[in-house]
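Record features (TrEMBL):
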type     : residues : note
DOMAIN   : 47-491   : domain 'Major facilitator superfamily (MFS) profile'
TRANSMEM : 41-60    : transmembrane segment
TRANSMEM : 95-116   : transmembrane segment
TRANSMEM : 128-149  : transmembrane segment
TRANSMEM : 155-177  : transmembrane segment
TRANSMEM : 184-206  : transmembrane segment
TRANSMEM : 218-239  : transmembrane segment
TRANSMEM : 303-324  : transmembrane segment
TRANSMEM : 344-363  : transmembrane segment
TRANSMEM : 370-392  : transmembrane segment
TRANSMEM : 398-417  : transmembrane segment
TRANSMEM : 438-460  : transmembrane segment
TRANSMEM : 466-487  : transmembrane segment
Amino acid sequence: MKETSLGLERRVKSRLVNFTLLLSPKTQPSMKGYTSTVKSPVLVAAIFISGIGGTFQYGFHISVLNSPSLFIKELVNSTCQQRYGYSLEPWELSLIWSFIVSIYSVGGLAGTLYAGHLAGAYGRKTTLLLNNVVAICGAVLMLLSKTALSFEMIMVARVLYGINAGVSLTVHTMYILECAPKRLRGMVGVSVASFVSMGKFFGQLLGISEVLGTEERWIWLLAFSGAAGLLQLLTLPFLPESPRYLLLEKADKHGCETALRRLWGAKKDPRPEMEEMLAEHASLKGVKIHRLMDLFLDHNVRWQLLTVIVTFVTLQLCGINAVYLYSFDVFQAAGIAKENLRYAALGTGLCEVSTSIACVLIIESTGKRLLLFRGYLCMAASLALLTLTLYLQDFVSWMPYCSMVIIFIYIVFFSSGPAGVTAPLPGEIFTQSYKPPAFMVACVLNWTGLFLVGMLFPLIVEHMDYFCFLIFFVFCFFSGVFVWFHVPETKNKTVLEITEDFKKMHQKRRHSLQSKLSSVHINNIQTSVCTKL
């Protein structure tokens with residue numbers, strides 16, 4: 001009994017020690033950031049209000065067309081029959097449907113090209129407010145399209161939705177990053193991707209037949225973005241303008257301090273971070289906002305530009321759309337009934353949302369560089385294994401279950417890595433004068449990639465089947481290697497510190513390469529001299 005009581009006492013002490021270590025400041029930086037965010041209710045409100053009319057719209061329109069596709073195709077055919085007395089051939093109907101889907105990216109690209117200019121000229125907050133009017137106009141057209149028997153109204157509405165998403169994807173990211181304190185910037189930045197995931201999930205959830213995915217209610221499903229835009233239009237005026245914009249572009253020091261105190265709480269002294277902003281402002285004094293061409297010609301930001309290009313290209317070419325497409329086949333092979341596949345698809349969307357939200361809690365303690373590197377390489381490994389299991393599922397009866405597990409693992413690493421880190425990256429690695437063109441490049445790449453994937457992916461799948469994952473494997477693997485060797489950590493650093501880290505990282509590599517070349521050259525000379533002697 002004595003030995004038993006001693007053993008129990010030791011176990012209790014051990015657990016108390018572990019619990020103490022768990023609560024230590026070194027192991028709980030993310031909880032500190034979470035607590036700080038909760039103590040700033042206006043900042044929390046800014047995150048939710050800017051997100052619901054921001055990147056939520058982008059994610060919603062990526063997934064929302066899956067459910068009402070049959071109803072929209074029926075409307076297209078009915079319109080042609082009533083107007084022209086002509087029933088469309090299957091290939092003609094598919095062509096019009098592809099155009100309805102793809103034209104969203106065209107509108108998004110147009111919105112992106114003007115977003116940086118609008119944000120610089122009118123401010124982040126005003127641009128977001130005006131952008132909601134575009135979404136509401138698109139929703140009105142969607143609601144009238146069925147009554148007017150006009151699929152052209154759906155096309156115009158998709159263009160307007162694309163413009164709205166293109167502007168919000170850029171300006172929402174700029175606004176929320178500039179409202180957040182430095183120590184919370186990583187956590188708040190991940191909320192941009194969290195709202196994209198939430199938009200995808202709500203597009204799937206509202207599209208089921210029990211909600212809005214019916215022949216009578218599908219137009220309300222497509223008009224839901226108008227409600228999200230109206231919500232932001234009514235609530236955003238109560239939030240302050242971006243403090244960074246007020247100080248650095250409007251030179252309104254008093255307005256900046258007032259905005260910071262509202263966002264971060266009256267007890268927190270905003271002056272230290274204002275001094276950092278002013279230091280950046282002093283270093284940029286007399287420097288105008290750079291144009292797009294300046295970004296490509298300036299060698300000082302070459303590696304930052306390459307980082308944006310690599311990460312945003314891979315964001316679309318990492319294979320996430322292919323994984324979602326094949327998930328239906330994998331789930332069906334695993335024994336899930338065909339009528340229940342939509343609920344299984346909801347599971348993948350919920351997995352992405354929950355992982356994205358969990359990423360908010362770990363990003364401050366882990367760092368963006370590690371999340372990107374680990375995410376890309378684990379995604380590459382998952383794609384390679386998924387290709388193998390899909391190949392073997394005709395030969396091994398339990399292999400579909402492995403494929404199903406790998407799909408969820410892939411989604412977890414995508415949501416906790418590239419999806420959560422990539423969107424706010426241009427705002428963290430570029431100075432104020434380069435931010436508008438940097439976000440423009442990032443969003444142009446994103447929309448172009450989305451358009452190309454939408455147009456070319458069906459052809460790739462038709463010719464390569466599940467071996468198409470090997471293409472995405474290459475992109476994920478080499479992007480992970482690029483991040484490890486060429487991208488510094490951005491956690492708890494100012495833009496100027498990150499810029500200096502980029503310079504140091506590549507100067508060291510250049511010097512080491514030059515020293516190696518010079519040593520090789522000296523050895524060659526010595527060898528030739530010895531040979532002559």
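Our numbering is plain: 1 for the first residue shown, then up by one each step along the chain.
Yeah, the Cβs are placed from backbone N, Cα and C, and that goes for glycine too.
TrEMBL does not curate its annotations; it predicts them automatically.
Across the candidate stretches 95-116, 344-363, 370-392, 398-417, 466-487, the maximum count of CB pairs under 8 A to the transmembrane segment (184-206) is reached by 344-363.
Segment contact is absent for the transmembrane segment (398-417) and the transmembrane segment (41-60), given fewer than three CB pairs below 8 angstroms at sequence separation of 6 or more. Comparison of 95-116, 128-149, 218-239, 303-324, 438-460 by number of C-beta pairs under 8 angstroms to the transmembrane segment (41-60) places 218-239 first.
Comparing 95-116, 128-149, 218-239, 344-363, 466-487 for CB pairs under 8 angstroms to the transmembrane segment (303-324), the maximum falls on 466-487. Stretch with the largest number of CB pairs closer than 8 A to the transmembrane segment (128-149), among 95-116, 155-177, 218-239, 466-487: 218-239. With a threshold of 8 Å between CB atoms, the same-chain residues lying at least 6 positions outside the transmembrane segment (438-460) that come near it are 62, 98, 101-102, 105-106, 108-109, 112-113, 115-116, 166, 169-170, 173-174, 292, 295, 304-305, 308-309, 312-313, 315-317, 321-322, 325, 425-427, 430, 468, 471. Residues of the same chain lying 6 or more positions beyond the ends of the transmembrane segment (155-177) and with a Cβ under 8 Å from any Cβ of it are 46-47, 50-51, 53-55, 57-58, 61, 99-100, 103-116, 118-119, 124-125, 127-128, 131-132, 134-135, 137-139, 141-142, 145, 185, 188-189, 191-192, 222, 225, 229, 242, 423-424, 426-428, 435, 439-440, 443, 446-447. Under 8 Å from some Cβ of the transmembrane segment (370-392) lie the Cβ atoms of residues 311, 314, 318-319, 323, 326, 330, 359, 362-363, 399-400, 402-403, 406-407, 409-410, 413-414, 416-418, 420-422, 466-467, 469-470, 472-473, 476-477, 479-480, 483-484, 487, 489, all in the same chain and six or more residues away from its ends.
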